[in-house]
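Novice: Please read through the structure below; I'll follow up with questions.
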């Protein structure tokens, strides 16, 4: 009987904000504008870091990857969400739901690891400046980023396959505007303990562990900065990591609030609105934070758009 129920599932209904028409009308132009800024801002970061040879360093290599991640993450659900804000019928196919779930899990998880890698890069640059070029070689940068992408993709594929192989009975209304895995699991009528165990293990490995590593890195960085004799030297050292620290605080505070807080059985509209904030606003703010806090990015952007460095690469 369970196999029959499972094969019958061809699509899911995404509840989203359908019970709040006024909110939908407000969110459409707001989310459209934020998504456009996200695409333009992060694309600009990638373009500048590639076109200006002075930014061909590990720090900007990782920053470019972060921007690519933000573009991919928001693109997994925002376009469909915008369409659903205009339509009364908000459906997604079973396959489309699985793909959306897998890609959003993979990109979100990779960002957790990438932020930890960026903290390690800043630690080496400030605490081991003489050995930094040797320790953070281009080969190591590619290896670290590649390993993060591959490991998180494998993890996300595993979690998605386990979740989507469960039997789904009764209503297929997902109480979310996207195929968020926790919302989909609420529709399963089989045993979800294995899926929940995988999610818990992944949450521990990708939230507290990288965050602890980041905190340790910045503790060592702060200790090193405080030993710098000149105030100008301390300001310069801190400015190289302040933007990254701001992004870390913004990303982890919102994600931990959403995924580590006690879960209620009933979905609340406030949870979905907050999800929009961390899933759309955070990727939009990342390039803004880096461009405002980093003189190198601002100078490179001015020269690239002015056509001064386009022929150097």
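Any Cβ shown, glycine's included, is placed from N, Cα and C.
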Novice: Out of 3-25, 26-48, let me know the one TrEMBL marks transmembrane segment.
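Specialist: My reading of TrEMBL: the transmembrane segment range is 26-48.
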Novice: Against which stretches of its own chain does the transmembrane segment (272-292) lie, if we need a Cβ under 8 Å and a gap of at least six residues from its ends?
Specialist: 16-17, 23, 27, 31, 34-35, 37-38, 41-42, 44-45, 63, 66-67, 70-71, 73-74, 77-78, 176-177, 180, 243, 246-247, 250-251, 254-255, 257-258, 298, 301
Novice: Quick test of the contact rule: Cβ under 8 Å, at least six residues beyond the ends. What residues does that give for the transmembrane segment (26-48)?
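Specialist: Same-chain contacts beyond the flanks: 17, 55, 63-64, 67-68, 70-71, 74, 78-79, 81-82, 85-86, 276, 280-281, 283-284, 286-288, 290-291, 297, 300-301, 304.
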